[in-house]
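Sharing the record's features from TrEMBL:
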type     : residues : note
SIGNAL   : 1-23     : signal peptide
TRANSMEM : 290-312  : transmembrane segment
TRANSMEM : 356-383  : transmembrane segment
TRANSMEM : 389-411  : transmembrane segment
TRANSMEM : 432-452  : transmembrane segment
TRANSMEM : 464-488  : transmembrane segment
TRANSMEM : 514-540  : transmembrane segment
TRANSMEM : 546-569  : transmembrane segment
TRANSMEM : 581-605  : transmembrane segment
TRANSMEM : 625-651  : transmembrane segment
Amino acid sequence: MRSFEKFKIWVLLICLVSQLGQGFYLPGSYPHKYGVGNFLNVKVNSLTSIDTELPYSYYSLPFCQPQEGVKDSAENLGELLMGDRIENSPYRFKMYTNETEIFMCQTKHLSGEEFKLLKKRIDEMYQVNLILDNLPAIRYTRKEGYFLRWTGYPVGIKVQNVYYVFNHLKFTVLVHKYEETNVARVMGTGDGSEVISTVRKGETEAPGYMVVGFEVVPCSVQHAPDSGKNLKMYNKYPTPIKCDPTTVAMAIKENEAVSFTYEVNFVESDIKWPSRWDAYLKMEGAKVHWFSILNSLMVVTFLAGIVLVIFLRTVRRDLTRYEELDKEAQAQMNEELSGWKLVVSDVFRAPSNPSLLCAMVGDGVQILGMGVVTIMFAALGFMSPASRGTLITGMLFFYMILGVAAGYVAVRLWRTIYCGDHKGWVSVSWKAACFFPGIAFLILTTLNFLLWGSHSTGAIPFSLFVALILLWFCISVPLTLVGGYFGAKAPHIEYPVRTNQIPREIPPQKYPSWLLVLGAGTLPFGTLFIELFFIMSSLWMGRVYYVFGFLLIVMILLVAVCAEVSLVLTYMHLCVEDWKWWWKSFFASGSVAIYIFLYSVNYLIFDLKSLSGPVSATLYLGYSLFMVLAIMLATGTVGFLSSFWFVHYLFSSVKLD
């Protein structure tokens, strides 16, 4: 009987999940029903600008404050790290109730400091970001026959050396009638609607609405100086207000007050709740972008296939030719060996700085695993733009958990290099746990001091800084040590050939080998430079990035190309009797980071032309350096592990005395 009850519960859950799946609801995000007349509270986020990239608190400027005082909304770790500071605001609507000429407040007379700060924020093109029911306010402008979409609205505008502030906001809230899911309809029972009721006793089926759009039109309106003195917040303004976005009238002056007003209009829309984010995710010229990216992927895949086929045929021909000879011919051939066969006794000689190499490979596995898992979850919709900060939070979580993999790979590689000796595995684990996080900590601390000095909300609070350090040393480091312990217990990879005590002298090369290594990064860079443009635009131009499924495909292709490029270069070095392939295989694919950094500098010069001030440029270059370091470790690890597998396979497949 109990098993039958459990079966019915599971059937009900499956049906509910399938019903939700038909609506395409984002995981962790659900519609909120508002009755007519219910209050809708607008929230404010940090002021942002693509001119400085320094976010500031909304209330750092002389704006109206809510009657109950400024309160922080619940924020997750990712939001704090991204510089978001979501707070309550005085803007308050009633569902499906249109209101006009609503008075907010009249500020005190602007002091000299406030006047200068307001002018500075207008010069730096700062945007005000409002949020209603988790939807950012969106603004439409018309230019040359096209509608342009913006998130937020500017603080003000400068016209002929006169500064005007946008002090009147015209809101449009798009709503859609709430459609409640009937459990009986889901179960498919004919008379179930009488059994399972969706309305509680004593309640009437009053119409409810969901917010599916939030638009704003900012206006600069000249109010009479004394008209707001006797008015309270939310009172009706005594004179009509005409909102014309094409004209400006409210010039700010020192020792003069500014009055703020707003109006709101509710419009019933055909947009359904699951589609309400479509307006934010649309891309201009999407077809051109997609065809360009698809063309790039096809070309890169074709070139990588040619390289792989030629490479495999060359190696197989060498092995087949050698194995078909009889013993006498093999002995004679051993005396006339050339190319990679001459380095048989040196190819597995321990590289320089082996512990550093092990730590970097371990960190690379950790970063690569974090990237793949995070992008997979994001592609499934669990880290959508509707859930602010979840992407950064997920990255931190997966990075810490994958510390086990970092310690395991680092220590097992260490034991392989030293032929099974597990001495020093604790030191290697510590290096793997502290190498990349330590460098990241130094970069972020330096940048954080700049943000603190600028009083920006982008600065990580001291309490959060302490929390991040505790997460590092209390979770990430112990997990890395646990992984190192399992790596020390796991059997090491045995070499197929013996290594001589005296190293073989490497003949002089016609060209520097490192030049070829650094040039090898161009092919992996070709697989991602178009996608990199969208990512950079998302990070620095305030656009929403959401094509995680395509990013996953590009990442898989990048891994394949990195492995192929490193294999080719390793084989080329062995053919010229250069047995020092360890570090070169790592940097052959890891050198793609150099080109990404150069692309970042190019993006700074040609796309972020308005970026002003040494602090902004330093922040940009610092975050870019942090990004390319992580990419170098991830791509270098792919190249090294593929080369290690190839060298081991190559020398274990041929009999060499």
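Cβ coordinates come from backbone N, Cα and C, glycine included.
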Look over the recorded stretches 389-411, 464-488, 514-540 and say which has the most C-beta pairs under 8 A to the transmembrane segment (356-383).
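Stretch with maximum Cβ contacts: 389-411.
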Checking distant contacts: for the transmembrane segment (464-488), what same-chain residues at least six beyond its ends satisfy Cβ-Cβ under 8 A?
77, 80-81, 362, 396, 399-401, 403-412, 414-415, 422, 425-426, 428-430, 432-434, 437, 441, 448
If I count Cβ-Cβ pairs under 8 A between the transmembrane segment (546-569) and each of 432-452, 514-540, 625-651, which range comes out on top?
514-540
Within the same chain, where does the transmembrane segment (581-605) have neighbours whose Cβ lies under 8 angstroms from its own Cβ atoms, ignoring anything closer than 6 residues to its ends? I mean 6 or more beyond.
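Apart from its flanks, the transmembrane segment (581-605) reaches 347, 351-352, 357, 360-361, 513-514, 517-522, 524-525, 529, 532-533, 536, 540, 562-563, 565-566, 569-570, 573-574, 611, 617, 620-621, 624-625, 627-629, 631-633, 635-640, 642-644, 647.
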Six or more residues out from either end of the transmembrane segment (625-651), which same-chain residues have a Cβ under 8 Å from its Cβ atoms?
315, 319, 340, 344, 347-348, 357, 360-361, 363-365, 367-368, 371, 436, 439-440, 443-444, 493, 495-497, 524, 558-559, 562-567, 570-571, 574, 581-582, 585-594, 596-597, 600
